[in-house]
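Feature annotations, reproduced from Swiss-Prot:
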type	residues	note
MOD_RES	Ser5	phosphoserine
MOD_RES	Ser21	phosphoserine
MOD_RES	Ser22	phosphoserine
MOD_RES	Ser36	phosphoserine
MOD_RES	Ser41	phosphoserine
TRANSMEM	91-111	transmembrane segment
TRANSMEM	125-145	transmembrane segment
TRANSMEM	159-179	transmembrane segment
TRANSMEM	188-208	transmembrane segment
TRANSMEM	218-238	transmembrane segment
TRANSMEM	249-269	transmembrane segment
TRANSMEM	299-319	transmembrane segment
TRANSMEM	331-351	transmembrane segment
TRANSMEM	365-385	transmembrane segment
TRANSMEM	406-426	transmembrane segment
TRANSMEM	434-453	transmembrane segment
TRANSMEM	464-484	transmembrane segment
Amino acid sequence: MRLKSFSTTLDTLRRRFNDSSSEEDKLEKNIQDETSIKEVSLQDAKQSDEKGVEEKVFNDESFSIDVAPKPEDELSGIVKARYLTEHSSRISFYICYFSIFLLFFAISFQAECYYSLTAYATSAFAGHSLLSTIAVANNIISAAIKPPLARLSDVFGRLEAFLFSLLLYLVGLILMAASTNVQTYAGGSVLYNAGYTGVELIMTIFMADTSSMANRSLVLGISYLPFVVTIWIGPRVAQEFYMHSTWRWGIAVWTILIPACSIPFLAVYSYYQFRAWREGALKGTLTINPVELFKKLDIIGLILMTAGLALVLLSISLASYDTGKWSDAKFIVMIIIGGLCLIAFVLYEIFVASFPALPFRLMREPTIGACCAMSFLFYITFYCWDNYYYSFLQVVHYTSITAAGYISYTYSFTSCATGFFLGILIRLTKRYKWYFVASIPVYILGQGLMIRYRGEQYNWGYQIMPQIIVGIGGGVIANLLTVAVQTVVSTENFAIVTALVSTVTPIGGAVGSAISGAIWNSVMPKRLEKNLPSDLKDQAYTIFESLTVQLSYTRGTDARNAIILSYSEVQKILTSVATGFAGAMIFPVWFVANPRLSTVKTHIFDSKESKV
């Protein structure tokens, strides 16, 4: 890529600041306008609680609550979304939400099977230590795919973006199920994760399109309720596949079930898109040529970000296994080039990109900036200890696949249940900030208890208790991150701010996974070599790379005790680092706004009431 000179960059900046067609300038101006509007709205609300204050921000030039945006000023995807909202019946919406509920049920079920079986899949290829490396790659691709997918959903439509995501999802599952080596499995996992991320993102955008702000948290909480059910059956099903079939079938079966659950949603959305086309509702919408689309998707920025994160984080994760690799010129060059790519990415996004994937200027808005920081730290914390936690439970606490899954998913269960009840509380109180503030100490406490109760001498109850506490705090945080950023922008911009926070999230996950991989790969082999009996020291690498081999040593033997001690020592480091990152979330939470949600109606589809 050819870098522009400094003077050219300044000229570009001047043009962008003066160009009223700049999408990012519009969004920033919208935020400023909305902030002043909300202040007026709050004053009006005090005078009359019975009157809802509706706000709309349509462009940089003017503000009106009576004039809707012209179709020719809008992208096709937004027009399609509005048409669905304005012309569909409540029954159609109930069908869509029922399908979303089924889809969340299926993908959560599948995710639990995948999580329960992936340690055995990598062990089958002598690659158990690569769990964190695969997680790094998964998180990087999740970060890279969200901004362009959100824009594609605006340019072409929610339906088209959903179908693309579903295709990636299914191809990834097929590759994993048919893999003959760890490289193919990892590649399939990356595609699967990209599709999973896309499906979840488009569903979130759809729910934002069709729900009011006061109901947003409740709708999101209800959509996550399937996780509460599948947590208890997913690990059991995974164990049955492993014991009576193969881990491959535990993955392959979902290539049939997930598309089937999508059919009602696809049918309704396709029908109304066809009606919109037939009635001419899409005529005159903005058209984008390939060059403009290339700019809007910020392909150059995404390549720089993906390359930078991959070169730095994957190098750290892989090189940590052999300390000698830190002096290897190849790894040093990879890290240096990756760092330069990340620097170039930041500069490109700020000074060059017309439609930046990560609009850093938006982070100057306190709520958006604070939520991005919290999302980043939140997922670093989680992935610092999560990648090897499932193996830890089986090795140290002698759990079965089913029991390890139950304990691991106690966090998810508690988090989803908390999100549901939080939605009800917000619906009643119309406020959310103080729930945010209270959740941070709870989350830190849970992380700290994981340090204390990690040893073999503590029974399963001591493993479940921290997961419940972490789940309560984490459920509030995860739910409110999306709600908070959406209160400071109009619905036209839900996709971009949701994608912004959602992009920072997997970057945090990638960093956390790289940290856990670096610690695991550098410390665990040394602990095994130190703790194993002398007659098994030469087998330390084989033991290190296979969960199946680790579990083959029976309870009470010197070998198993040595493996347990090694796991416990490494787990202490992982959870201690995680607790430190969790503590850092105390600072940004105070910058989050605390509007009264009943006065914040940022809905562009106002010709009718929102369906939800």
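Yeah, the Cβs are placed from backbone N, Cα and C, and that goes for glycine too.
Because the structure is a prediction, the values reported are computed rather than measured.
Between the transmembrane segment (365-385) and the listed ranges 159-179, 299-319, 331-351, 434-453, 464-484, the one holding the most Cβ pairs under 8 Å is 464-484. Between the transmembrane segment (125-145) and the transmembrane segment (299-319) there are at least 3 Cβ pairs closer than 8 Å, counting only pairs 6 or more residues apart in sequence, which means the two stretches are in contact.
With a threshold of 8 Å between CB atoms, the same-chain residues lying at least 6 positions outside the transmembrane segment (91-111) that come near it are 173, 196, 199-200, 203, 206-207, 210, 222-227, 229-231, 233-234, 237, 254, 257-258, 261-269, 272, 611-612. With a threshold of 8 Å between CB atoms, the same-chain residues lying at least 6 positions outside the transmembrane segment (464-484) that come near it are 204, 213, 216-217, 220-221, 367, 370-371, 374-375, 378, 382, 407-408, 410-419, 422-423, 426, 432, 435-436, 438-447, 449-450, 453, 498, 501, 505, 585, 592-593. Within the same chain, residues 77, 80, 110, 121, 125, 149, 152-153, 185, 187-199, 201-203, 248-249, 251-252, 254-255, 258-259, 262, 265-266, 269-270, 273 sit at least 6 positions outside the transmembrane segment (159-179) and bring their C-beta atoms closer than 8 Å to a C-beta of that stretch.
Away from its own ends, the transmembrane segment (299-319) comes close to residues 1, 132-133, 136-137, 140-141, 143-144, 147-148, 325-326, 328, 331, 334-335, 337-342, 344-345, 348-349, 353, 356-358, 507, 510-511, 513-514, 517-518, 521 of its chain (Cβ-Cβ under 8 Å, at least six residues beyond either end). Here the transmembrane segment (218-238) does not touch the transmembrane segment (434-453). Their Cβ atoms form fewer than 3 pairs under 8 Å, with each pair 6 or more residues apart.
Beyond the ends of the transmembrane segment (188-208), by six or more residues, the same chain brings 81, 96, 100, 103-104, 107, 111, 114, 118, 134, 137-139, 141-142, 145-146, 149-150, 153, 158, 161-162, 164-177, 179, 216, 219-220, 223, 482, 486, 491, 494-495, 498-499, 502, 506, 612 to within a C-beta distance below 8 angstroms of the stretch. Note on the transmembrane segment (249-269): residues 84, 88, 92, 95-96, 98-100, 102-103, 105-107, 109-110, 113-114, 116-117, 158-159, 162-163, 166, 169-170, 173-174, 176-177, 237-238, 241-242 of its chain, located 6 or more positions outside it, place their CB under 8 angstroms from a CB of the stretch. Only residues 6 or more beyond the boundaries of the transmembrane segment (434-453), in the same chain, are considered here, and those with a CB under 8 A from a CB of the stretch are 381, 385, 422, 425-426, 462-463, 465-477, 480, 484, 572, 575-576, 578-579, 582-583, 585-586, 589-590, 592, 594.
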